[in-house]
Amino acid sequence: MGEDAAQAEKFQHPNTDMLQEKPSNPSPMPSSTPSPSLNLGSTEEAIRDNSQVNAVTVHTLLDKLVNMLDAVRENQHNMEQRQINLEGSVKGIQNDLTKLSKYQASTSNTVSKLLEKSRKVSAHTRAVRERLEKQCVQVKRLENNHAQLLRRNHFKVLIFQEESEIPASVFVKEPVPSTAEGKELADENKSLEETLHNVDLSSDDELPGDEEALEDSAEEKMEESRAEKIKRSSLKKVDSLKKAFSRQNIEKKMNKLGTKIVSVERREKIKKSLTPNHQKASSGKSSPFKVSPLSFGRKKIREGESSAENETKLEEQVQDDHEEGSFTEGLSEASLPSGLLEGSAEDAEKSALRGNNSGVGSNADLTIEEDEEEESVALQQAQQVRYESGYMLNSKEMEESSEKHVQAAVLHVDQTA
């Protein structure tokens, strides 16, 4: 740029140089005078030369300016590209920084977790150390106690008797035992407990720690022995129940019941003893069948008999009447439906109560009056029952009984003292 400016100055001031050169030329010819025509021609040429020089300089300057502008444009374009590259690199750096921040957060979380775990582990290690220290102390105590026991040569032997069985008399419940029997049972229980207890064969010179340990073991064994006692007692109770409900016991009970059943000879006697005079017709409305009434005999007192004998005879008669009533009830229950059995049971209870009252009471007159309709219905039902059971009376006896029962039946019982 400085060179271009210097050249432009040179082109602008060529006249000055020419003027300086021209005065030097006319000096050798001082006598000659310049002509005006020559001066005019020279000035025109100089002007032309100056104009040409100026145009060239301007053209060159313009070219240089264009070149300079092109260079500036290229430089700007390069700068723009560099700026774009810088922006991309800056963005990459920012992304890398965000990733680094994320990694740092994750690492901080992991580090915090590791710190928490290390704290927990340290707490566990402390607890384990404390436990180990306590165990070491206990082991040292046990070693000392063991050494002392070995020095003294005293041992405690625990004997557990598994084979000793409990007698069955302990579990059998007797009805209201006396004081002596209660004492004997208490002594037996004490002896059993003593046999089941542990046997102490050591002296009392041992340390309290050993005694506590041995007492704990003894209590555990006692609890085991109690559980075994309960098991044995339950098994024995089950065996006793099985024996109670065995076939032999059931057969014995059935035999006892069979002896109570009325035999064939007794039935024949009951047939003969039945008379229509002493039959009592139950109400036809309440019960549909007839129950045999109680028979009250009237006997005279002989001279050699006492009142006690008369009472025994009356009781025997009452028992016979009860047996007859039970026999007739059984026959009626076998033949009639279950709906009719309720009336028979009620009539049997009423007749039994009347019989007992008649045997116990003193001089009493029992009067039984019944309607004709009720008696006829009762007689018909009694005939049906006896026909079904195979114990029918003869037609003549039934006619006589019907004729006698049409009238009101009155029974007088006189008990002599």
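Glycine is treated like the rest: Cβ placed from N, Cα and C.
The model shown is predicted, which means the values in this text are computed figures rather than measured ones.
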Phosphoserine: annotated position in Swiss-Prot, out of S273, S283, S402: S283
Among S89, S246, S338, S395, residue with annotation phosphoserine (source: Swiss-Prot): S395
Feature phosphoserine, as given in Swiss-Prot - residue among S42, S118, S335: S335
Per Swiss-Prot, the candidate from S169, S389 carrying the annotation phosphoserine: S389
For S217 (phosphoserine): DSSP state (helix, strand, coil): helix
The region 'Interaction with CAVIN1' (2-168) [mean pLDDT, rounded to integer]: 78
